[in-house]
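For reference, Swiss-Prot has these:
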- 1-32: topological domain 'Cytoplasmic' (TOPO_DOM)
- 56-64: topological domain 'Periplasmic' (TOPO_DOM)
- 88-107: topological domain 'Cytoplasmic' (TOPO_DOM)
- 131-134: topological domain 'Periplasmic' (TOPO_DOM)
- 158-169: topological domain 'Cytoplasmic' (TOPO_DOM)
- 33-55: transmembrane segment (TRANSMEM)
- 65-87: transmembrane segment (TRANSMEM)
- 108-130: transmembrane segment (TRANSMEM)
- 135-157: transmembrane segment (TRANSMEM)
- 170-192: transmembrane segment (TRANSMEM)
């Protein structure tokens, strides 16, 4: 959690600090990812059980507490898995670089890069579909920016090569995000029928 403010106020310098640290996966998950991933889960739980999804046409879909809780647990697990998958993707893509970082370092990097996406979950307190999409898009752009800033120093490569690596990673990340969003829509939109 100590890097959250720095990722927004001075991201270039903060990425260099993160790269110099030798944080373990367990420490990173317990002190950053588990807490940050809880933000969208808790906000979505409150928003969908107390206010309900607003589709903009006056239709509101409210979930029961039990359904909301079951879906929140699934949503949380999917987000934690998403960070692990992206860490693995970065590690796999870096296989041909002479200074290949460890899998643990790649997962830590992926967790910090995902911070804007986690924080964008605050908007789920008022689950208006177009507002969630807008805030999520802005968060995705900033996540891409953090990726472009961090990859060159993370892999010790030049900015041109970093741009290529970051673009590939971002493309895979967007694909993973789309899968997560599809699962989220299915779980939060239709999950009440499953539970």
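Just so it is clear, glycine is given a Cβ too, placed from its N, Cα and C backbone atoms.
Predicted, not measured: the structure shown is a model, and the values here were computed from it.
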Per-residue pLDDT averaged over the topological domain 'Cytoplasmic' (88-107), given as an integer: 89
DSSP residue counts for the topological domain 'Cytoplasmic' (88-107), split into helix, strand and coil: 14 helix, 0 strand, 6 coil
Summary of DSSP states over the topological domain 'Periplasmic' (56-64), given as helix, strand and coil counts: 0 helix, 2 strand, 7 coil
Same-chain residues at least 6 beyond the ends of the topological domain 'Cytoplasmic' (88-107) whose Cβ lies under 8 Å from its Cβ atoms: 22-25, 28, 154-157, 165, 168-169, 172-173, 176
Long-range neighbours of the topological domain 'Periplasmic' (131-134), counting only residues six or more past its ends (CB under 8 A): 123-124
Helix, strand and coil counts within the topological domain 'Cytoplasmic' (158-169) (DSSP): 11 helix, 0 strand, 1 coil
